[in-house]
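Among the features that TrEMBL reports, DNA-binding region is placed at 85-128. Annotated compositional bias 'Low complexity' per TrEMBL: 369-381, in sequence order. Residues annotated as domain 'Homeobox' in TrEMBL: 83-127. Positions annotated as domain 'TLC' by TrEMBL: 130-331. According to TrEMBL, the region 'Disordered' annotation covers 341-392. What TrEMBL lists as transmembrane segment is 38-55, 179-198, 205-224, 260-282, 302-323.
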Amino acid sequence: MAGILAWFWNERFWLPHNVTWADLKNTEEATFPQAEDLYLAFPLAFCIFMVRLIFERFVAKPCAIALNIQANGPQIAQPNAILEKVFTAITKHPDEKRLEGLSKQLDWDVRSIQRWFRQRRNQEKPSTLKRFCESMWRFSFYLYVFTYGVRFLKKTPWLWNTRHCWYNYPYQPLTPDLHYYYILELSFYWSLMFSQFTDIKRKDFGVMFLHHVVSILLITFSYVNNMARVGTLVLCLHDSADALLEAAKMANYAKFQKLCDLLFVMFAMVFITTRLGIFPLWVLNTTLFESWEIVGPYPSWWVFNLLLLLIQGLNCFWSYLIVKIACKAISKGKSGKWNPLHVSKDDRSDIESSSDEEDSEPPGKSPHTATTTNGTSGTNGYLLSGPCSMDD
């Protein structure tokens, strides 16, 4: 084990040339990031998860009830052993051939079997109340951490001149505010890593899982080799749009349509501006070029920048989804008013409607292409599963 640890913490990988771990030991004059500090993130992640449960139960739920958001789930499908076996063991979306076979076997008409499968699929979807509580928790945390990040960074020289991220690197002391900011963000992402398996399942689960992994690696790497200054810029920049995203979700669940549309537009503008404009021109510029000029490359420098480029790739992917939703909403709005809520189920990146497939859907219309009409699926194309900032 000692040999493995010595190999993993090889100074030639983690630190610039002629710098050793001994040079970055804490002294009476200065404190530097230490790898063992990161262990604190695990108990804090558990604490954050417990705070979330308390918040959702005693704060978010009463707010939802005050807004007349109901906890009632969708209509329950009548018990049927044959259809249940098909649903659980074979398919949740039977084709026409299977529907006809089931119709003959049960002596039901095809329409009734289609309705049963719609109702059974909707049974597995969370209630609007649960979705509202989850969004309110995330909104509250994102708003707090972004506000804290802005208040902290506005007092730092590297916000105004990114070259200060690399002056005297890596001998940059760790301040209590920076340490708190980093550990809080890392703890939150660890809590997301675990809670996403119990949270509302979304279509882009795999992409979000990758995003959380990359975010944790970035925060860990940048803390261990003391790239924390530029790391705070990445964190704050990626936190800027998340509160708007969750606020738009809450407005959608509360059926405040105009507010939801406005918040979606604001979110899209902030997201695309920060992720496709400011991030590459400001942050990637300093990590790739200014750091090369002032410090020079070394092995972990390459890994750090590759992870940042991967984050930028995810940013491009999510920006594409936002633009796609906006274009579809505009095209649908040509015959009426602008409404980013009216997007097809196939474009949504998570399941947010309490009844995505209405029983009133006309005969012959496939449930796979049915659009939501109950006012609870607002801006679901991207908005309701958007990314966490370096995220996430």
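Glycine is no exception: its Cβ is also placed from the backbone N, Cα and C atoms.
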| field | Number of helical, extended and coil residues in the domain 'Homeobox' (83-127), per DSSP | value | 32 helix, 0 strand, 13 coil
| field | the DNA-binding region (85-128) [mean pLDDT, rounded to integer] | value | 88
